[in-house]
């Protein structure tokens, strides 16, 4: 610390002293406290530095200090204290200790030294005549109150001048002649008193009360015995008040997460020892193999620091977001003022999970082959394809599709199904056929079985013996199969169950055969699906039904067919079935952006109110991903209104997610649908306007204020308004916007402006009443401070410069008239309202509609705001309006031949490049409000008729009166 002090190393910067006096006043080399000094004469050296941190400065009302200022090497069981030594000298001496500042230039400090040998804030100790080491075991530091700094400092300077204690160094260079002690009751003249007063006034403004240094000065006796021979003073390392927020040791106490995604932006709660909210950073760093260091900083504002002990921040993006394995880094607190850091803690960046909904994973599963439908395996009997995908002969085992399971039944092979007759003692068979049953002709038919069982209509097995019951016959009707079983013993009941399966299998085989015939005739795949519609409720290993999988694989026509064949009794169960991630088919349709499938599912009765595993409804998912087309379809449903203000598992409404995704179209849809723009998210009470300010998105903030009538002074749970956040983050544009919308810069939040424990100077003056923090208190720059005090916002460029960029005047009036007519057509894709959105003036559409000629008003406003023909052509190109483009090209072709400077490059790349020059790289200029910051204030766009720029708003319940002026 001391060796880096600019004062100790650059004497020419101290008070601009006369070079002839520099050597006599002091030599900077003697200020190296731990270094042997290159001189043959006496000099002063620091043997033990004071401990820099952990010692508390005490106020008068707190009483004396408990223990003296410890030394740097002091330990619990081995105390040490600051020590100095007078080298190259043996004899009597006097050493004085003064408190000085820690700034670039050393001055007297207003705090006082107290303890043994201390008087008037100065410690005086005698040394020698043999032991020239002087220790200071009982030094305390008395903290002066802010109100008494000037008074104390002036008295301290006067005393230093009277006694000759370094007045030229510590007070003013013009007082350097008052050096030697022995002046006694030296009287100071008016000029000297005025110099002292001016120095005290100046230093009072600059003094840091949380840090001091010790300045040791030794005096040796002269020939008369008076201590007038001054040795060069030495200055200790800085001593920080342990009660000062910017002086305490930085320490991370707890974090709720120690890992995050490489993309950053994940919220972490960090508990720490006391910090100063405007003087702290959260630093992530990694030491690279080549010796370099990567670092990133957590994103938070002063409003995210709670009572100096907790910080809520968002993680920074890692240097490489394409890593395939986790990367270990460190996180630490760092103070801005002195770059002091805490002990680092490990943090893990893991690769980005791009498929959180597992849609891509399921799409990448092995697709079934056509040959798989014929079954496989081996067996002793005849093979063949089967309805259940099994094959082989008798005794062979079949293969079902992956993820599905069907029971293996032991029956003889029939129609491709493997049956095994040896599972029971009976060799019961089955009769089938038409009215002329073949079983009567077959001597080996099933009616010749010895043991018989009868199955009644209720599925119960009735046991009889051959003596009790006559052999039964199998009767077969047209299209029916009736089984009659011979009775047997109780042990043969398993065979009856096998026979039941055989009966059902035969019925199923006939149904599938008929469906196949119908499909061959009609070519309609629904004929095949209809006989299997009950199987649509089957789920695979991920819980997905066939409807889920059809949506995942983007088979929209198959989804329609499935919805049609399952309509009826079981449709509700299937259409709202959830997989293992609690996703319904409607959730997946929204995630995969299939607008037509969303419409089909809603028509079929899909339930909008069902939530996924994270509590997200389909409105949340659409807003989160910025799918405005899907969101528009969902909002038309009658149940959508009930979900507009429903929070998800993170306490966020759909409008909050639209803000976080920076989607202006989604925000406009939600506002138009009636979403509550003042709704608070449930974690900290932020509204959509708070989130817009946090994301520094002036377009969304302007939309909320102008279109949504958002409450400009809405508060979070701790009383923070959007203006608090804008001021704390230093955003001049948003501060100007909010101030123009009527935000109050004097609103206090619940965060105390200062800590009572650190403000003993207020004792006795309304003790316990601490004001909150206002946006003015949080202003991080003078520009923001001036805006909050009513000074007009001044952009970095001038209006004249922007006017020079506009070239709309080159279009003749007849050309403009043709454009007006083309833009007045009712086609919503080609009218003036769509063009306004493309030109970044969509926020003013409601105002344009008030004009008798909206298209003319739009073009006039665009021209006055510095618009260019290039931007206009590009906007029309995006609309696909070739007729309007041809009108402009035809009018501009003569100009092109005469002046290359006014040519119209119609290349999209070049046009976009010109547009981007007027836009910030980190935001989208499409709300109109943002355009007003980059171009001329649009108050000049209309000079007659209804004003388009003073947007009259509905009366507010929260006290905002009058119109919201467009000029900021």
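Backbone N, Cα and C define each Cβ position, glycine as well.
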| query | Here are some residues: 426, 714, 865, 927. Which is flagged as phosphoserine in Swiss-Prot? | reply | 927
| task | May I ask you to name which of 378, 684, 899, 932 Swiss-Prot has annotated as phosphoserine? | result | 932
| said: With respect to Swiss-Prot, which of the residues 61, 87, 123, 161 bears the note S-(15-deoxy-Delta12,14-prostaglandin J2-9-yl)cysteine? | reply: 61
| said: Among the residue ranges 342-347, 348-353, 354-359, 360-365, I'd like the one that Swiss-Prot describes as motif 'Nuclear localization signal'. | reply: 360-365
| query | Considering the residues 248, 617, 892, which is the one that Swiss-Prot annotates as phosphoserine? | reply | 892
| note | As a whole number of Å, the Cα atom of residue 61 (S-(15-deoxy-Delta12,14-prostaglandin J2-9-yl)cysteine) is distant from the Cα atom of residue 337 (phosphoserine) by 30
| request: Round to a whole number and give the Cα-to-Cα distance in Å for the pair residue 337 (phosphoserine) and residue 678 ((3S)-3-hydroxyasparagine). | output: 38
| Which residues of the same chain, at least 6 past either end of the repeat 'ANK 6' (718-747), have a Cβ under 8 Å from a Cβ in it? | 278, 301-303, 306, 684-685, 687, 689-690, 692-694, 696, 698, 701-702, 705, 712, 772-776, 778-781, 783-784, 787-790, 793, 929, 933, 960-961, 964-965, 967-968
| Which residue counts does DSSP give the repeat 'ANK 6' (718-747) for helix, strand and coil? | 17 helix, 0 strand, 13 coil
| field | Three-state secondary structure, residue 61 (S-(15-deoxy-Delta12,14-prostaglandin J2-9-yl)cysteine) (per DSSP) | value | helix
| task | Just name the winner among 337, 678 (the modified residues) by count of other CB atoms within 10 A of its CB. | result | 678
| query | Using DSSP, how many residues in the motif 'Nuclear localization signal' (360-365) fall into helix, strand and coil? | reply | 4 helix, 0 strand, 2 coil
| What does DSSP assign residue 678 ((3S)-3-hydroxyasparagine), in three states? | coil
